[in-house]
Amino acid sequence: RHGAVKNEDTFKTSPFHFDLWFYFTLQNWVLDFGRPIAMIILPLEWFPLNKPSAGDYFHMAYNVITPFLLLKLIERSPKTLPRSMIYVSIIMFVMGASIHLVGDSVNHRLIFSGYQHHLSVRENPIIKNLKPETLIDSFELLYYYDEYLGHSMWYIPFFLILFIYFTGCFTPVEEESRMPLPALLLMGPSSLYYWYLVTEGQIFILYIFTFFAMMALVMHQKRKGLVLDSNGLFLFYSFIITLVLIALWVVWLWNDKILRKKYPGVIYIPEPWAFYTLHMSNLHPAKGSF
C-alpha cells in the first residue's frame, strides 16, 4: 500500500533489480547520450533547423521515462524513504531537464552553422559579429539556462534521489553483499554513462560530494554491522569506476592548450562535446545557416 510504514528494524532481502537497472542504463545511453548523435547523423532534410531535431524527441522521451524509473526504483527500496523529498526532487528534475531541452536544442543545432563548443559564446566566430551586440547577451542567457540553471535543476535532484535510494541498500546478511553476473555486465555501460554525465554536465563537484557521502555512509553502517546489498554495491562500484574514467580522461587531455583555455579553473575536466568540435568537427562540416 502507498505510504505504508515499513519496519526499520526488520531488514528485507532486496534482490538485484536487473530489469530497472537495465532499462535505466539503456534509456540513458539511447535517449541522453544518443540524442546529439541522432541529431548529427540523421539527414538534415528530415529535421530542418527551425524545427525540433530527432535528439529533441529523444530528450522529451527521456524527461518522461527517467522520472518514472526513478520512482519505481524508490518503490523497491526495502527501507522507508522520505516521500515528500522524493516528489519535490522529481518535480525539480523534470523542470531542469525541460529547461535543458530548450537550451541544448538550440546549442546543438548551432553546430550546423559552425558553432564551436570549445570556445566561449563571445569567442565564437558566428556569434561575436552579430548586430546589434545585445543579441550576444541573449545567446549568453541561453547558454546560462542550458549549462548552469538547467544542469543544476536536473542533476542535483537526480543525484539526491540516487543517494536517498542508496541509504536503503544495507543488510546485516553477508551473503547478500555480492553482485550477480547481470550486475557485473551492466556495471561497465553504467559507469561509462556516468562518466559522460559528469564530464559533459560539468558536475564533478556534485558527483564527488555524492560519492564521498556514499563512502561516509558505508563506513558508518559498517560500524553497525551492516553491509551493502547487491543494488548498493552496483551503484557504489559504478561510481568508483566513473572516478577512474574521469581521471583517465583528464590525464589524456592534460596538455591540450585550447581546452585548458576553455576550462581555466582548478578543476580541469573538458566536456566531450568541446573535444568533438575541436578535434572531430571536420567529420561533420557545417550544413547551412539559420
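Our numbering is plain: 1 for the first residue shown, then up by one each step along the chain.
Every residue gets a Cβ built from N, Cα and C, even glycine.
Feature list (source: TrEMBL):
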- 20-42: transmembrane segment (TRANSMEM)
- 57-74: transmembrane segment (TRANSMEM)
- 86-103: transmembrane segment (TRANSMEM)
- 154-173: transmembrane segment (TRANSMEM)
- 203-220: transmembrane segment (TRANSMEM)
- 232-254: transmembrane segment (TRANSMEM)
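The stretches the transmembrane segment (232-254) and the transmembrane segment (86-103) do not meet in space: the count of Cβ pairs below 8 angstroms, excluding pairs fewer than 6 apart in sequence, stays at fewer than three. Tertiary neighbourhood of the transmembrane segment (86-103): same-chain residues 56, 59-60, 62-63, 66-67, 70-71, 74, 142-143, 145-147, 149-158, 160-161, 164, selected by CB-CB distance under 8 Å and a gap of 6+ residues from either end. Panel annotation: around the transmembrane segment (203-220), residues 151, 155-156, 159, 162-163, 166-167, 194, 197, 228, 235-236, 239-240, 242-243, 246, 267, 269 of the same chain, lying at least six beyond its termini, place a Cβ under 8 Å from a Cβ of the stretch.
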